[in-house]
């Protein structure tokens, strides 16, 4: 006899917003979604900011969203986790940071601090540099040299002087720290093995070689005069007490996002490095805020938090058969991120990957591979052995990123057609579906003055639970979806899954 499946259907980038202007969700003809919405219990939940472990007011995204959904709790992202540790004071007790200080004291050497100097919050945050300066002050260090990388991508193209001035004011108020070198991120944060770029940054940092200026401000202004924006500022050195990185020194790299910090760290820490000629620093203590990759041998300030008892693991522990299904664009989200950063399948889990169409941009094919995803799912349902299904329709998000209203409306209409077939089939099997989203996007693809808006939104996302006779809580967050699934599956919720079922009892 066929099982009664419970499905989580994620309409990626589909949120609630009152205004119809630029709102593809409101303007699309979606009879199936509307039918379920009027027939079954509904609510809306938060998918951004503190509710998903991001700083207040920060829009959610698919990685963060799926991680919170799968974990069934708030998953604190690196930026928030570090901010919290600074606010709590734990930062100043951190073993790795204090080992760096001890190393400097034992060797009567210098502390060098690397990182992206901005408040973009994508790779780093300059307030974390300020916390490191506070730590150096508390511990009585006097030789602290900052090697700043300029942003101009996640913040305004020419905003570096603001951050430089604030940092210099911090040096002055604490009586510790000075700029040693400055590089545009184009050089210091390359990730494609363009060693000619990285070498210029390395020479300024390690060997104290390059154009020299009396101050960071003077060097940046000289680059501006050559029509270079922050990202492309050529590595230069700032005249002062620093003379490069020497034997026995310590480095702390405060970028928390690994991809653009790994390469430079590899130059310093990988003895087999051969991208260009380097002279290894002897007895160098090298710490990074997070683990960058396996080629980078460093002390790690904030170790990765392993997420246990995610929805997939709980399903496995209860001998449930589960399916993860999406097209290429969102396949990592329903697998790796939904499983808390785990690539391997759980026991009883199978996966279906449907290729996304090969087009330059998805506004050219708004239906993407939704119909193929739907067909594959119907095929899987026919096997009759599934307990849990996690499905993602990518269209509202991927087409929404075009900032084009008509294609985004078409994308939602295609998804609605597929939704109808999938949900009706699940209902025919006496199963249940939760229809929801991971963050907003297609709910606003135009600004108030009709310019394309390509970013996500912070609007709440809808939840429909296709079970008559139950009442849903009025509010919640993405971390409440896994507990709701377990509730529908009649499976106990583990204690580390701290979200709450949206179904009132």
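Every residue, even glycine, has its Cβ placed from backbone N, Cα and C.
The Mn(2+) 2 binding site annotation in Swiss-Prot covers 12, 62, 438, 439, and the record cites sequence analysis as its basis. If you look up Swiss-Prot, you'll see 62 marked as active site, phosphoserine intermediate, on the strength of sequence analysis. According to Swiss-Prot, the feature substrate binding site maps to 123, 153, 154, 185, 191, 257, 258, 259, 260, 330. Marked as Mn(2+) 1 binding site by Swiss-Prot on the basis of sequence analysis: 397, 401, 456.
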Of the binding-site residues listed as 123, 191, 258, 260, the one whose CA lies nearest the CA of residue 401 (Mn(2+) 1 binding site): 123
Candidate binding-site residues 191, 260, 397, 456, pick with smallest Cα gap to residue 12 (Mn(2+) 2 binding site): 397
Binding-site residues compared (123, 191, 260, 401, 439) - the one with the fewest other Cβ atoms within 10 Å: 191
Residue 438 (Mn(2+) 2 binding site) CB neighbourhood, other CB atoms within 10 A: 32
Binding-site residues compared (12, 397) - highest count of Cβ atoms within 10 Å: 397
Listed binding-site residues 62, 154, 191, 439, filtered to Cα within 10 Å of residue 397 (Mn(2+) 1 binding site): 62, 439
Under 8 Å by Cβ from residue 456 (Mn(2+) 1 binding site), same chain, sequence gap 6 or more: 13, 48, 59, 60, 61, 397, 439, 440, 441
Chain-mates of 397, 401, 456 with C-beta within 8 Å of site centroid, Mn(2+) 1: 12, 13, 61, 62, 396, 398, 400, 439, 441, 442, 454, 455
Rounded Cα separation (Å) that holds between residue 438 (Mn(2+) 2 binding site) and residue 123 (substrate binding site): 22
Between residue 62 (Mn(2+) 2 binding site) and residue 191 (substrate binding site): CA-CA distance (Å): 23
Rounded distance in angstrom between the Cα atoms of residue 258 (substrate binding site) and residue 62 (Mn(2+) 2 binding site): 18
Residue 191 (substrate binding site): secondary structure state under DSSP, collapsed to three categories: coil
Where residue 12 (Mn(2+) 2 binding site) sits in the secondary structure, as DSSP reduces it to three classes: coil
